[in-house]
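Below you'll find the structure, written out as structure tokens, and then a few comments.
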Amino acid sequence: MRVVVIGAGVIGLSTALCICERYHSVLQQLDLRVYADRFTPLTNTDVAAGLWQPYLSGPDNPQEVEWNQQTFDYLLSHIHSPNAEQMGLALVSGYNLFREAVPDPFWKNMVLGFRKLTPRELDVFPDYGYGWFHTSLIIEGKSYLAWLTERLTERGVKFFQRKVESLEEVARGGADVIINCTGVWAGALQPDPLLQPGRGQIIKVNAPWIKHFILTHDPERGIYKSPYIIPGIQEVTLGGIFQLGNWNEINSTQDHNTIWKGCCSLEPTLRNARIVGEYTGFRPVRPQLRLEREQLRVGSANTEVIHNYGHGGYGLTIHWGCALEAAKLFGKILEEKELYRMPPSHL
């Protein structure tokens, strides 16, 4: 059976790995391929700061709560493993800051040690009157994609650099199952009026004295439009740009100045930090992520398609739960083709 995953960001590679781990032993003739025109370090995943944190408001789809939890638990289970360094995985603590009180987030019991800030802590951030502190995880996209690629290569997965023009093209090429993980570019393969780019721009700096993340929130301006500072394994990410519908991949001087001014106001010592890089990427914004099966009619044959895209700015936060769900959908396809019998549920 030939399975083609389109897309080599965190969604595509994690989905491919989930399918390999669950079905390679029962499908001896599994021919799994990854098609993409961009591989690491040129994907949107490479641009992401990598902090595990969902949106503040609860998702419309209750399954997304479970997928977020599954991802956090999966990453946390690796935190003391020999793989953690290669994955770009580490614990990180920090602050979410607000001008005034807001409800607790739905994920407060997923992270470690969630609590409200004390008055003394808020004195450190005089422009803000309310906030939270907790410990989360950082998973750096560039390292993680390299680790996933290595795991897939060990399992015999083949990678092809090519620009796919349509799902039909892949079906005609002999794919039995197509897994569409094309993120913000999914609309080029199949029209999706709900999908839009959420352009972001970030500055990477060398600032090893920054030990805590600081995320600010301004409900009036909207998500990602106020300063944030996120320390990674080697570098610190500065951001605060979100432009819906903007496809411009070129770094903007105006956006650079907005980020720099906002982050240096939040943490004045950053003025002494050396800038080591600046990047632009696109969040695949959709009212609800798309994770479902579809049958594609090509000629006289039906090709199975699993869509897994539209994760907005939280792809790294929810990726493993979505990969597990996509693998489950793949298992149902195998069962219908009488190639696999699903294990009985113990619920």
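The backbone N, Cα and C atoms fix where each Cβ goes, and this holds for glycine too.
When other Cβ atoms within 10 Å of the Cβ of G50 (FAD binding site) are tallied across all protein chains shown, the result is 26. Annotation comment: Swiss-Prot describes 8-11, 37-38, T43, T45, 49-51, 163-164, T182, R283, 312-313, 315-317 as FAD binding site.
Look at R283 (D-dopa binding site): DSSP puts it in a strand. As annotated by Swiss-Prot, D-dopa binding site applies to Q53, R283, G313.
Cβ neighbours of R283 (D-dopa binding site) (same chain, under 8 Å, six or more residues apart in sequence): N44, V184, P197, G198, R199, G200, Y224, F242, G312, G313. The annotation D-serine binding site is assigned in Swiss-Prot to Y224, Y228, R283, G313 on the grounds of similarity to another entry.
Residues or ranges marked as D-proline binding site in Swiss-Prot: Y228, R283, G313.
Tertiary proximity for the region 'Required for protein stability' (1-16) is limited to same-chain residues at least six positions away from its ends with a CB under 8 Å from its CB atoms, namely 27, 29-36, 38-40, 43-45, 141, 144-145, 148-149, 152, 157, 159, 164, 170, 173-183, 189, 308-309, 311, 315-316, 319-320, 322-323, 326-327, 330, 339. What Swiss-Prot lists as region 'Required for protein stability' is 1-16.
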Filtered by Cβ under 8 Å and at least 6 apart in sequence, the residues in the chain of L316 (FAD binding site) near it are V10, T45, A48, G50, W52, I139, G141, Y144
Taking Cα atoms as reference points, rank the binding-site residues A8, I11, T43, V164, Y228 by distance from Q53 (D-dopa binding site) and give the first.
-> Y228
Hey, how far is V164 (FAD binding site) from Y228 (D-serine binding site), Cα to Cα, in Å?
-> 35
Express the distance between the Cα positions of Y228 (D-serine binding site) and A8 (FAD binding site) as a whole number of Å.
-> 27
Chain-internal residues, separated by at least six, CB under 8 A from A8 (FAD binding site) | V34, A36, R38, F39, T40, T43, L145, T149, F159
